[in-house]
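Participant: The following block contains the structure, expressed as structure tokens.
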Amino acid sequence: MPSSDPYHHSKPPDSHVDESDSDLDIDLEELDPQPTDKNHHQQSGQPHHSRNSSEQRPPPSIALRNLRMGGLRRGAKRNGYGELGRSRDGNDEDADALLRHDDGNHGRHSAGSAAHDEDAGLLSEHGGGGRMRTSSGRRRRSFASDGLRNISMKLPSFMSGNSGDQSNHNEEQEQEEDDPSSSRLVAVGSSQSTRFPPNIISNAKYTAWSFLPVTLYNEFSFFFNMYFLLVALSQAIPALRIGYLSTYVAPLAFVLFITLAKEAYDDIERRRRDNEANSEEYTVLHFEDPGASLGINRPRKKMKSSHTRKGSKRLGVEVETDRLSDIQEEEEQAEGQGLRQLPASYVSEISKKSKDLKVGDVLKLTKGHRVPADVIILKCLAHESAANKETEEDGPAKEEVLLLDHIEHDDAGEGSSKNAEAPRENVNNGGGGGSSSGETFIRTDQLDGETDWKLRLASPLSQKLGTEELVRLRVTGGKPDKRVNEFVGTLELLPSRQDVTSGASYNPREGDDVKAAPLSIDNTAWANTVIASNATTLAVIVYTGPQTRSALSTSPSRSKTGLLEYEINSLTKILCFLTLFLSIVLVALQGFSTAKGNVWYVKIMRFLVLFSTIVPISLRVNLDLGKSVYSWFIQRDPGIPGAVVRTSTIPEDLGRIEYLLSDKTGTLTQNEMEMKKIHVGTVSYANEAMDEVATYVKQGFNLSSSASSASLALATPSSTYSAANVGATRTRREIGSRVRDVVLALALCHNVTPTSEEDENGQTVNSYQASSPDEIAIVKWTESVGLRLSHRDRKNIVLESAETGRPVVKVRILDIFPFTSEGKRMGIIVQFYEKLQPGNPSLGSSEIWFYQKGADTVMSSIVAANDWLDEETANMAREGLRTLVVGRKRLSLKEYQEFSAKHHEASLAISGREANMQAVVSQYLEHNLELLGVTGVEDKLQKDVKPSLELLRNAGIKIWMLTGDKVETARCVAVSSKLVARGQYIHTIAKLRRKDGAQDNLDLLRSKTDSCLLIDGESLAMYLTHFRHEFISVAVLLPTVVACRCSPTQKAEVAKLIKEYTKKRVCCIGDGGNDVSMIQAADVGVGIVGKEGRQASLAADFSIEQFHHLTKLLVWHGRNSYNRSAKLAQFVIHRGLIIAVCQTMYSIALKFEPEGLYKDWLMVGYATVYTAMPVLSLVLDKDVDEDLANLYPELYKELTSGSSLSYRTFFVWVFVSIYQGCLIQGLSQVLTGVDGPRMLAVSYTVLVLNELLMVAIEITTWHWVMVVSIVGTFLMYIVSIPFLGGYFDLQFILTLGFLWRVAAIAAISLIPTYAAKVIRRTMKPPSYRKVQGI
């Protein structure tokens, strides 16, 4: 039988020409398929790919045409293959042939990629059973073989237990748990066989199960809470019971309730804020199998592309019709109708919340989107709008479209054999945009603190792939880790989606063409980075939730306890010891008798219960209420708009800060660069003088516009001199030439790409993209002085006049040498066009120039000798400007060709490639450059950063700056923000790898404790590992430390190290996700609401909007909170101690019997109704006003010593309590008798009056609430006396004798105390009294 070519030129669909039987042969085996065990396949679920000897020895074959039903064929309506094959098996071997680039003559027709339908298990068993033969002797499988087998063996879908949608099937399967210690396989766009953690952000401290155990443990870890628990439990023993059980249980329960309620509220608020972040909506691509959901209308937006045929029907078709269409489709293709393939999936857009995103989901991200999880970039699509227009013309209705796959099969001519032979992944040449190169920029300042934009690339394997075919990709990634600058993985393109979802069980079959490409950090975007490019980015999620880089770099939330709490805990232990001592002394004075009913140890226990007021349970209630008041003041302060208190348990610690650790990017700086100064050798330009630069540029590039557009002349470095001021002096002409040269160099020597986008009003806005904001600032400056970057691609740069819009400079890019942190410079070799013309000029026809810019430390040895560079760069550095030195060199054709050959040769070296290439550049280019000028770029500081830092330093706070940015950047910001004083010595330690050098640096710093230390992350790691104690002992002596290139964990480690070594309070402030660990490790964490994210704000104890708000938060609110709480705590201790002294005096009078003096309501009322409000009103007291606190920040410095609540002040109050208690109870007993309601009335009334007047004496600045609370409480006591008849002698209270006794005792108790305070203030006035008197 004569053989024919596998493809024919196209014929009309119903053509009867060439009806010979020789066009296609069919194997006889196809007519008699081998019987199979159907049940076996249904159980295993895995297709078997058998290969028999028929591959070696072709069986007899007959013409396929004899088996066809011609009438049906001709009568049937013709449809594309796309809508006829939705329930047929994807032939992996056919796909394999399509994927081979080098096998065009033996290409096999594809049966589509719908490998996930009902037939999959049945059809694939005979995958090798029958194959067609081509003229070359290769045999390929017939589409008819699928069709015939399916007719004879397939069950109708309603009888089959297997659903059509493989993705749903996968979701129903039992997923195995993810092992975080192993690498992972991620099926793109499909359900995963492994269960990965959900993509949830959580800053909550507790869960529903851990809340009670953790909070109760925290509460009873404090001594006085445990003490009161034991006292309350003791009342269950009848022999120890004194008064009502509720007297002791109720206060403890109330304290615990208040504390737990506050903790619960704080945590619920954290969860609410987390939920806001977790509910952020993202667009996800939904990939549906072509054979799935027939006849089901989906509401999702369909994504159209070249793989989706025009007029495709989504209605169900009968099985028999589908099989006939198999035959029709194959005949059409054999006759040359062209290959029409079924895509691997249909794509639609759905919206998902951040918390619902899963590993394998494909995200559609655009400019400004925060990346919600760690992703691998698959495609970057440019010029989306143009693509949409083309696509919408194809469809009958306007539908929202993601992208257009550019080559439509029909457009290339019907029956084009090129289409049939093209590999499937190359059908969409270039992916989503003919000009798209798979590049996108991301901002990582929220992750690592670096200000530079990072260039990220899509793998060429996925970039060139149609969006429908992305489901054939599989990503292999390493185990989750915290290294944000490293990633190693693999991207594989498999024959079908079923192969991808089979996971690790997939074994390549014979003939499968599995393509793989490496993945690196350049192909990734980690969670909390932000897309900075205008292009649409498609990315697949590989790590979610707690396994993302940012989450792994973040410490878990912890409960924070203020320093005041620990101090009061220590004082409570002293009081408890005092209670035990008193109890033993009183029993000892009576004698340790063991008579029945009078056992000595029972007496001691009863005394302990009686004296339990010495350790006041109300102390916790008052302090907690005070904290709530302070938090309310902070959040309502109009001077700190947007302030949020997230941890209301530590406001007093704001007044005790001694170390402030600050991030740089977004905290001290705005991350906005601005060109401030340019120096051209003899003259410097800044501010208004930039207008003169613009004049020179206008004159230098003022080309004639009269010439025809076809031959417009362009400026070159040589031609720019000619148009200079003709009548100007020689000096002025030289300056003008220098200015124009440096502006031209800056406009060309960069990696900036101009972009245009539409703003909210629909107007086109031009912007720039680059990895470094410095470069964007410089290019914006060249535009402001008249030379605009209008176009850039990989081959050319076009500059136009900003005034006229006319192109004035066009260059061809010959070589680019990008910036590296080691080289600290970037260069470019360009060839200038002399006129606008199509195509590139020949190398010898026009000027070739090498431009270079870089840091002065490296450029000073590259440029020609001069006498001004070092001085000028030093001047700019002192101003805090980031300097760049610009130079150029003209190359002859011979020089360039010689360089190019050597450079190419070096680039082919296997070992030492980078060093060899750099050596060639240094030899041929980097010497004797013409020095053009120096630029100074300012990193804009946040509002009022300089005065804020100065004020905090004067307040005695040592400031450290920890940043992930570069050493040079950190140095400039430290100088410009006045963190480093003018003329202060900066000792730099960078790239330290040897231990002996580490010790030498420490010795030097120990002798210069007034210097600033600038250290990089690598050196810091060395010190933290080997010289931990030595390093921190020196560092804490220095006024300022700047650490750069710090990882998030290093920042947290530094904070912990300072806390451990100094035992001082540490405050950390930041705005990015990379600062969360540091914020949580600090005693006080302050988060700034950043432009791009609120992670730091959510994880912090206090959230503010600007750095300068921190000064008010610390110097005003922090100082007040600590002073007020210290006074409140001491007063509550005094209130409890004085009643215990009264009890002691009473027991002594009763011959040491443990009988209660004030029982039941008198005890409860004293601690609540009769004294609570006046004492609590002390939280409104203030010693100075806000202006004085800011004017004299030294007042804050006093607090760091803890003098407001120290052992000295504590024992002063103990002495006052003993003095007043002895007088009140002793005189009451002397004047009215030892026992009886008269003594009780006098004693209790004086006690309440004494407390009210003591509050009044202690107040520094009166507030109306204080007056109301004191007067109101006294009136309340007067009103309640008639109801206290069970305790008092009401008849005696109405007599004059009662009044004079109360007045006399109160006067003796209060007057000496007040007199002592006045004398002490006069003799040694406190600092706040001094500044008030100035």
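Placed from the backbone N, Cα and C atoms, the Cβ positions cover glycine too.
Below, the features straight out of TrEMBL:
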REGION    1-191  region 'Disordered'
COMPBIAS  20-32  compositional bias 'Acidic residues'
DOMAIN    192-243  domain 'P-type ATPase N-terminal'
REGION    296-340  region 'Disordered'
COMPBIAS  298-313  compositional bias 'Basic residues'
REGION    411-442  region 'Disordered'
ACT_SITE  D663  active site, 4-aspartylphosphate intermediate
BINDING   D663, K664, T665, E775, F819, K853, R882, T963, G964, D965, R1045, K1051, N1074, D1075  ATP binding site
TRANSMEM  1161-1180  transmembrane segment
TRANSMEM  1205-1227  transmembrane segment
TRANSMEM  1239-1257  transmembrane segment
TRANSMEM  1264-1284  transmembrane segment
TRANSMEM  1290-1315  transmembrane segment
Participant: Can you grab the distance from D663 (active site, 4-aspartylphosphate intermediate) over to N1074 (ATP binding site)? Cα atoms, rounded to a whole Å.
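Facilitator: Given the Cα positions, D663 (active site, 4-aspartylphosphate intermediate) is 9 Å from N1074 (ATP binding site).
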Participant: Counting other Cβ atoms within 10 Å of each residue's Cβ, which of the binding-site residues T665, N1074 comes out lowest?
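Facilitator: Sparsest of the binding-site residues T665, N1074 by Cβ contacts within 10 Å: T665.
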Participant: Any residues 6+ beyond the ends of the transmembrane segment (1290-1315) with a Cβ under 8 Å from its own?
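Facilitator: Hits for the transmembrane segment (1290-1315): 1216, 1219-1220, 1223-1224, 1227-1228, 1231-1232, 1237-1238, 1241-1242, 1245-1246, 1249-1250, 1253-1254, 1257, 1281-1282, 1284.
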Participant: Can you tell me how the residues of the domain 'P-type ATPase N-terminal' (192-243) break down into helix, strand and coil by DSSP?
Facilitator: 25 helix, 2 strand, 25 coil
Participant: I need to check the long-range neighbours of the transmembrane segment (1205-1227): which residues 6 or more away from its ends have a CB within less than 8 Å of a CB in the stretch?
Facilitator: 564, 567-568, 571, 574, 578, 1125-1126, 1129-1131, 1133-1134, 1137-1142, 1144-1146, 1157, 1243, 1246-1247, 1250, 1304-1305, 1308-1310, 1312-1313
Participant: Within the domain 'P-type ATPase N-terminal' (192-243), what mean pLDDT does the predicted structure show?
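Facilitator: The average pLDDT of the model in the domain 'P-type ATPase N-terminal' (192-243) works out to 82.
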Participant: Within 10 Å of each Cβ, count the other Cβ atoms, then let me know which of the recorded positions D663, F819, R882, G964 comes out lowest.
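Facilitator: Across D663, F819, R882, G964, these recorded positions, the one with fewest Cβ atoms within 10 Å is F819.
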Participant: Roughly how wide, in whole Å, is the group D663, K664, T665, E775, F819, K853, R882, T963, G964, D965, R1045, K1051, N1074, D1075 that binds ATP, by largest Cα to Cα distance?
Facilitator: 32
Participant: Which residues does R1045 (ATP binding site) neighbour through Cβ under 8 Å, counting only same-chain ones at least six apart?
Facilitator: G964, D965, K966, V967, D1016, G1017, E1018
